[in-house]
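Engineer: To start, I am sharing the structure in question, which I have written as structure tokens.
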Amino acid sequence: MLTKFETKSNRVKGLSFHSKRPWILASLHSGVIQLWDYRMGTLIDRFDEHEGPVRGVHFHKSQPLFVSGGDDYKIKVWNYKLHRCLFTLLGHLDYIRTVQFHHEYPWIVSASDDQTIRIWNWQSRTCISVLTGHNHYVMCAAFHPKEDLVVSASLDQTVRVWDIGALRKKSVSPADDIMRLSQMNADLFGGVDAVVKYVLEGHDRGVNWAAFHPTLPLIVSGADDRQVKLWRMNDTKAWEVDTLRGHMNNVSCVMFHAKQDIIVSNSEDKSIRVWDATKRTGIQTFRREHDRFWILAAHPEMNLLAAGHDSGMIVFKLERERPAFSVSADTMFYVKDRFLRFYEFSAQRDTQVISIRRPGSVSLNQGPRTLSYSPTENAILICSDADGGSYELYFVPKEVFGRSDLVPDAKRGAGGSAVFIARNRFAVLDKSSNQVLVKSLKNEIVKKSALPIATDAIFYAGTGNLLCRAEDRVAIFDLQQRIVLGELQTPFVKYIVWSNDMESVALLSKHAIVIASKRLVHQCTLHETIRVKSGAWDDNGVFIYTTLNHIKYCLPNGDSGIIKTLEVPIYITKISGNTIFCLDRDGKSRTIVIDATEYIFKLSLMRKRYDHVMSMIRSSQLVGQAVIAYLQQKGFPEVALHFVKDEKTCFNLALESGNIQIAVASAKEIDEKDHWYRLGLEALRQGNAGIVEYAYQRTKNFERLSFLYLITGNTEKLTKMLKIAEVKNDIMGQFHNALYLGDVQERVKILENSGHLPLAYITASVHGLHDVADRLAAELGENVPSLPEGKAPSLLMPPAPIMCGGDWPLLRVTRGIFEGGLDSVGRGAAEDEEDVDEGAWGEELDMHDVENIEDRDIAEVLADGEVAEENEEEGGWDLEGLDLPPEEETPKASAGACSSIFVAPTPGMPISQIWIQRSSLAAEHAAAGNFDTAMRLLNRQLGIKNFTPLKMMFLDLHAGSHSYLRAFSSAPVISLAVERGWTESASPNVRGPPALVFNFSQLEEKLKAGYKSTTAGKLSEALRTFISILHTIPLIVVESRREVDEVKELIIIVKEYVLGLKMELKRRESKDDPVRQQELAAYFTHCSLQMPHLRLALQNAMTVCYKAKNLSTAASFARRLLETNPTNEQQAKLARQVIQAAEKNMTDTVELNYDFRNPFVVCGATYVPIYRGQKDVSCPYCSAHFVPSQEGQICNVCELAVIGADASGLFCSPSQVR
């Protein structure tokens, strides 16, 4: 049983497959009807108008309808496209058990617990016949697929067959009057529409289900007596043929399989059973743990079944439909109906070769699964699941072709899978021992080889090599050398397809395709929601594959797309040019011609075969949004431009590819404000001032236009803008333009005219226009505003523009790959023919578009001679002629542009990327700002996990490796990389490593400061200094190997001090525990310290132990102190006195966890001795030792690394790279 889809829900009582779409209806005990897509595994819709369980449901064969019947006595007809119930049929008086549409007439048959069967016309929405005769609940009723019969099953222990021929004749309009008359008589005098033809008695209990055979005169029934009975009928009578026994409980449903000679039944004993209809024996049983089965449904066209149970339903197939085949050059061998067949691709000729019938096979799925062919020996291996996995070896003599009656002897053997691995050798998998047996053509074992992974199938992978499949991976195994050549983690692989040159392999799993090289180096993975069925490589190295409903392609870079939609699934065998050779589920060879243009185009683009791309564009074989989107996504908007007819799309692509010329043309066609605005932005980005100006004019965006003239220093046009603002009566616009021009008198005039006399007076006074100021003061009288005293006024003047003139310097760039070839294609040609004086850009671009912007007549306003004169000279400000210029006069391209299409130069690699490209030094990654990779490197090299102490150092490194320059006031700050070891003679094209703010000499200075603090007894300060050294070391870089050794030495020195000082500070805290105080003082003396510090530690330990009356231990410290030859006489004298006092009484009052005779190291977390021979773990960075229980914790000494972590070691110099 091959489960295709499973749902979890309330108890399923009714099921129905859609005849064309991959849909199934499930009616539930809860009253809900679910519509599932079993191919995608998704719930499409739910219908819940019934009250109580819905026991019957059925799709119409051709209309978008389905019918349902429930315990609410209602039959509802639904339209699934409208998502609603169309109408309800009322008439039954009890629960409705089953409903079914007639395959031809507009009828519905329903069975009910009211002991009747009703036939309804769903077009007239009336009941046209009531079939009475059963004397208990009618459990099911169904139309015959071809004849005018209905079968019903009832709890009265009978199955009845009804003849509804009269009903058909009545419903088909009679042709002549005599027929119509007899029809009327029948209606008046109670003519019977449906009569009982047979009553089948034989079950001992109530019958739950009865069904017709699709073609033969047979009926099958299942009942509460746990039996399935087979009945035959002829024109006059019906009789029982046989009884199938095996179910342990009531049989719920039973049916004939449409495609195979079998009966399928299910039961409340939680099993589905499959029976051989001819031998009438059980073939197979499928059981569920906890769920009773209630209903079965068969797909009307496909080999699919569904079963409903207590907690959902399953859609399943009984047997695999994929034919076993093997392709070799121009030929293919495949198995169909127990015959081996031979197919020639070139001649498209199909021949039956030999019979491979296997007698005595009773259970399902015993057919051939795989086929392997050795062309030189003409030998064929056929593998199947029979007997737990077996193979058969056939030899096909050349003269046999065409003589299919021959049944040759086969050499058989057990084995999960068998494949040819050489001309006369084949490999068989022995799953039990996980080894492969290499056999000769005589079926004798030549050698055995253990497999490297737990293999459940083997495939051919080149001569002498096997591809082994495990649950989650595949591996290529060389049988000669017995080594693994490649391994790859994959989803569970079902099929593998090698390319023609054996360089690439496609690994097909249920919902994914993995493409890999011949050594299993991963190239790409493709995920599909619908099941992948087959695939083959075409001549261009593109993998063509099929899902249940599409033929698709996969390019080497992982891009995929649909080639063709399929009505039924196919299995691709070979691809030749545009022809796909395939086998269908019936084992017939078919050819499908496909259009390969799309994927060839994408492949050419990917492989940079631009000549092919050009020719395909010229022949315009490709159209559609998908191609445009693909080109845009892959960074070829200028190519996409030539596929586009839609102006808006064209405009967007032109902006994206920087093609201002086409963008202007499109903007003129669209003529919307938003598009002109975006065009202006792009032109501004490119520095094409002429087009910016034109775009602002078209949108009448006078504020932006004024600002543009300000920054380009075009005072002449600013003056005109001032005039336009006057005409529009735009006071604010006038004032702004006067401000931009630095025209003080105009500003005073504007303020005065608008009634702002105080502001006008202040402006005039500040700028020294005293006569105007006096006149305004007289007008203001007593309200003259006072100016602040002691302040020096300054002129409010506009800044001088950085650059005057039209366009900014435009980038000189080479033409794009496609431009030369594409200019003649599409819209480029029309543009080029226009004869435009390109020199006219900066001068003649005037606002022709000022029409209807004022109430007054503009000509009147500008009637003075000066303006008229100006207009005569310019020829562009004739504000009376308000017509737009013809299109030729639209600016076409800037004088500075050197090509018809702007192609931005490819940006160089950022310096931060250059720094980290080949560096494994964490400090350099941090300096480049790649904190993420710096942390990963430190984790890998030193096991560091706690990065909090390093945060500020990372930031310092990043900030310290960059400098910042201010450019113009309007330009952003420029970031400059600071390189380590830069000299003036260095090549400008070769980038050095980043400058780092931390270096080794700083650490040496810090170490001296730490020593000094320790000597002075400032232990907390000393500890902070030493810890900061430990935190800085991972982020320094040194040049030579000698310096690397010095850094490693420094880590050990500092670690000893940090550990010792932490113990001493801990001792000072534990004043109430004298024993612990003595132990910590004793451990401190075993840290590797400088001699002066060691003497201080020994003196300290001696004093603590002496005061605690541990004289023997105190004496041992005194002796060690004297052995150091102390330079301080006071220390030596004290030590001698302690020894003298101890010799009188060589005892310790308390026992310490301390044995100075036995070498030990101190745990950095618990501060207990770890004696030689005891287990310990260490920090991968500072190498401090710890008791095993501390493994996985952050180290207490360096506070950075994880104790016991795997690490490769300190990497602080480029010289460490071999």
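For all residues, glycine too, the Cβ spot is worked out from N, Cα and C.
TrEMBL does not curate its annotations; it predicts them automatically.
For reference, TrEMBL lists these features for the protein:
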- 867-888: compositional bias 'Acidic residues' (COMPBIAS)
- 340-584: domain 'COPA/B second beta-propeller' (DOMAIN)
- 612-768: domain 'COPA/B TPR' (DOMAIN)
- 815-1218: domain 'Coatomer alpha subunit C-terminal' (DOMAIN)
- 867-893: region 'Disordered' (REGION)
- 47-88: repeat 'WD' (REPEAT)
- 89-130: repeat 'WD' (REPEAT)
- 131-164: repeat 'WD' (REPEAT)
- 200-241: repeat 'WD' (REPEAT)
- 244-285: repeat 'WD' (REPEAT)
Engineer: With DSSP, how much of the repeat 'WD' (89-130) is helix, how much strand and how much coil, in residues?
Structural biologist: 0 helix, 24 strand, 18 coil
Engineer: Please spell out the DSSP helix, strand and coil residue counts for the repeat 'WD' (131-164).
Structural biologist: 0 helix, 20 strand, 14 coil
Engineer: Mind tallying the repeat 'WD' (47-88) by DSSP state, helix then strand then coil?
Structural biologist: 0 helix, 23 strand, 19 coil
Engineer: Excluding the flanking five residues on each side, which residues at least 6 beyond the ends of the repeat 'WD' (47-88) place their CB within less than 8 Å of a CB in that stretch?
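Structural biologist: Beyond its ends, the repeat 'WD' (47-88) has Cβ neighbours at 13-19, 23, 25-33, 35, 94-101, 103, 108, 110-112, 120, 122, 125, 300.
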Engineer: Over the domain 'Coatomer alpha subunit C-terminal' (815-1218), work out the mean pLDDT and round it to an integer.
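Structural biologist: Summarising the domain 'Coatomer alpha subunit C-terminal' (815-1218) by its mean pLDDT gives 78.
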Engineer: On the DSSP side of things, how many residues of the repeat 'WD' (200-241) fall into helix, strand and coil, could you say?
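Structural biologist: DSSP classes over the repeat 'WD' (200-241) add up to 0 helix, 25 strand, 17 coil.
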Engineer: On the DSSP side of things, how many residues of the repeat 'WD' (244-285) fall into helix, strand and coil, could you say?
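Structural biologist: Split by secondary structure, the repeat 'WD' (244-285) comes out as 0 helix, 25 strand, 17 coil.
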